[in-house]
Amino acid sequence: MIFMGSTETVLSVLVLVLLGYILKVLGVLGEEDASTLNRVVINVAIPSLIFTSLYRADLSGISDLVLIPVICMITGTLSGTIAYLWARRRGLDSGKTWGLTVAAAMMNSGFLGYPVTAGIFGSEGLVRAIFYDTGTTLMFTSLGLLLSHISGGEGSRIMKRAVFFPPLWAFLLGVIFNLWGLPTGIAGTILGYLSGAAVPLIMISLGLTLNFRFLRHSVADATLVSGLRLLISPLMAAGISYVLAFRGLNFSVTVLEASMPSAMLAAVLAIENDLDVDLVSSCIFMSTILSLVSLPLWSVVL
């Protein structure tokens, strides 16, 4: 990807998101089309991007990189715990309580994190973002199993989804092919073409999902989650990274990824576990909109 300044990067992201929203308003695409685009992104485009990036990367410092998903899980757990305690203090029901928890704990480190990080820090930054996003995948699996246990359901569906999650396999294969120096042949060229579709499809899909109608009933809760995701989480990540002696690009990418808004996967957990889907959608929407302001500020600081 071409290295760009932070302002140009976020502006490009905003334009692509708005393009998706405008296409929905004009009736060219519907909100239901987002699920189709998401399937293409998750099963084809993002795995291609992950494999290609890792295959071409310098992984000589992989011992430091493996700490990045650990920081992701720590900051996510702390943010989710704060949201859980807030909800309990307010006496919210279980659906709202756990809805706030998953929205605060899971960040959009892939769908939004990849293009923003790659645009600001280049291909080496993208590699670190991929490692960070692995932590989000582990958070998704852990929360899914926890919620299944609480609701008395079976965790096998979540575990199966995690085991067969295409981005996870792309991550593992990318690292293996890189470290062992395995050739990719024509497959490498094909994956390179497919990886180029990831960013525009991600942003257009995100624009299709923007919906204002849920927000008016959940402003206070969505504001709390947005504050946790966009401000508190990156500050916690900065503190943990400093303690672990992270410096330079490792530090910058880890903090930037921690400042991403609530993940779209939080809505998946809400739907599958009968949580308050409207509340989770409000948190995703507000934090995503506000991140268009906060991300340029964090990129300047970093």
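Just so you know, glycine gets a Cβ as well, placed from its N, Cα and C.
Since this is a predicted model, take the numbers as computed values, not measurements.
Look at Swiss-Prot and you will find 10-30, 65-85, 102-122, 130-150, 162-182, 190-210, 224-244, 251-271, 282-302 tagged as transmembrane segment.
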Contact set, same chain, for the transmembrane segment (282-302): CB under 8 Å, 6 or more residues outside the stretch: 6-7, 9-10, 13-14, 17, 99-100, 103-104, 108, 112, 116, 120, 206, 209-212, 214-215, 217-219, 221-223, 225-226, 229-231, 234, 251-252, 255-256, 259-264, 266-267
Which of 65-85, 102-122, 130-150, 190-210 contacts the transmembrane segment (251-271) most, counting Cβ pairs under 8 Å: 102-122
The transmembrane segment (190-210) versus listed stretches 10-30, 130-150, 162-182: most Cβ pairs under 8 Å: 10-30
Spatial neighbours of the transmembrane segment (10-30) far in sequence, C-beta under 8 Å, 6+ residues away: 4, 112, 115-116, 119, 199-200, 203-208, 210, 292, 295-296, 299
Paired segments the transmembrane segment (162-182) and the transmembrane segment (130-150) in contact, 3+ CB pairs under 8 A: yes
Stretch of maximal Cβ-Cβ contact with the transmembrane segment (102-122) [cut-off: under 8 Å; candidates 65-85, 130-150, 224-244]: 130-150
